[in-house]
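Beneath this line is the structure, given in structure tokens, with notes to follow.
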Amino acid sequence: MSVSLSAASHLLCSSTRVSLSPAVTSSSSSPVVALSSSTSPHSLGSVASSSLFPHSSFVLQKKHPINGTSTRMISPKCAASDAAQLISAKEDIKVLLRTKFCHPILVRLGWHDAGTYNKNIEEWPLRGGANGSLRFEAELKHAANAGLLNALKLIQPLKDKYPNISYADLFQLASATAIEEAGGPDIPMKYGRVDVVAPEQCPEEGRLPDAGPPSPADHLRDVFYRMGLDDKEIVALSGAHTLGRARPDRSGWGKPETKYTKTGPGEAGGQSWTVKWLKFDNSYFKDIKEKRDDDLLVLPTDAALFEDPSFKNYAEKYAEDVAAFFKDYAEAHAKLSNLGAKFDPPEGIVIENVPEKFVAAKYSTGKKELSDSMKKKIRAEYEAIGGSPDKPLPTNYFLNIIIAIGVLVLLSTLFGGNNNSDFSGF
């Protein structure tokens, strides 16, 4: 039996809706395409993507309506990722963050996939970067990636659910969403990254930074300059250490546990850089500068940010100005996420109209004021029943005041109240 590739391509790239399901994977780097003569050419059952095939292809699975035998074939694909699936996956990632408190390890997953980029190598995928290669065991075994198998286990169910998202996009989507949901800035992301298809395409070990090299500042520049990043971007990206912990069994750095990490909703242990180590802010720079607590981690590469004159200019600025840090971090994170990537379509895919983000946790900062939008809403509801600040309800002036105060207190508690719940991580 033969099936027209052009016809299948037309079906995929038209407005016809096709159901999606994950393809069967194999350790082999060469795809095996099975054809069954008993399969009806009109019984297209599902479309699936697989790490066996380049992301310029779909795997078409055709199921017989009676005996269930299937046919697989390769057909052209329209883009590396599907925008609708990206939007849905982002919402699922928020739920994952809410339940697993895995912000740091997802940030690290995206970083380490992109951070192998070498600007001096033009050819893709030899240049490294954000290409999904970190899903292969060969790269997961690199010393710098210790522990990231846990991140892949969290991501794989999402990949199974959303087969029309590349691994490279899913890693970067998870990383950016984790920053945003921890209270950080919105990252101006684009998607459409093409995946590598075989472990032979993984970069060699040694492209990621070390925590304690002999000359920390020089080492940071060697690694990040190779990626095409500058001093400002090095310092801004280092600020992401406000999230997470170091574990001696993975990196060789940090204490087994501290007073900040011995308990929590997730796996305990490790040493954090900050007290509230799952809240994204500029605490990292403040804590390094002050060195006020032995239970907070300061690596040699962290200390270098306040020792090297060029780095220090930015570190001092970020310690004092969280808005400046957020702005520079968002730009640097977006740039990092694109390093080395091959986009399909070439201009990338921008997600728009994403639902309002879920704030994963709030830390107590004292009394909070109602937002202007909430105040307007309360006033509109009050005026709807005949009252206003200038013209109170005629029935009972003092009763109206008591009711208004009660409503304000209730809404303040519900929407702006203190919540001392903490994050945990991996």
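The backbone N, Cα and C atoms fix where each Cβ goes, and this holds for glycine too.
Bear in mind that the values here come from a model prediction, so they are computed numbers and not experimental data.
Pulled from Swiss-Prot:
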ACT_SITE  His112  active site, proton acceptor
BINDING   His241  heme b binding site
BINDING   Thr242, Thr274, Asp281  K(+) binding site
COMPBIAS  246-260  compositional bias 'Basic and acidic residues'
REGION    245-269  region 'Disordered'
TRANSMEM  397-417  transmembrane segment
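Everything Swiss-Prot records as a feature, shown here on the structure.
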residue	record	DSSP class
His112	active site, proton acceptor	helix
His241	heme b binding site	helix
Thr274	K(+) binding site	coil
Asp281	K(+) binding site	coil
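By a simple count of nearby Cβ atoms, those within 10 Å, the most crowded of the recorded positions His112, His241 is His241. Shown for the compositional bias 'Basic and acidic residues' (246-260): DSSP residue counts in helix, strand and coil, namely 0 helix, 1 strand, 14 coil. Around Thr242 (K(+) binding site), a 10 Å sphere centred on its CB holds 27 further CB atoms from the protein chains shown. A Cα-Cα distance of 8 Å separates Thr274 (K(+) binding site) from His241 (heme b binding site). Counted within 10 Å of its Cβ, the other Cβ atoms near Asp281 (K(+) binding site) come to 19, all protein chains included. For Thr274 (K(+) binding site), the number of other Cβ atoms no farther than 10 Å from its own Cβ, over all displayed protein chains, is 25. Straight-line distance linking the Cα atoms of Thr242 (K(+) binding site) and His112 (active site, proton acceptor), rounded to a whole number, equals 17 Å. For the pair Asp281 (K(+) binding site) and His241 (heme b binding site), the C-alpha distance works out to 10 angstrom. Cα of His241 (heme b binding site) to Cα of the residue listed as 'active site, proton acceptor': a span of 14 Å. Other residues of the chain with a Cβ within 8 Å of the Cβ centroid of Thr242, Thr274, Asp281, the K(+) site, are Gly239, Leu243, Trp273, Lys276, Trp277, Lys279, Phe280, Asn282, Ser283, Tyr284, Asp287.
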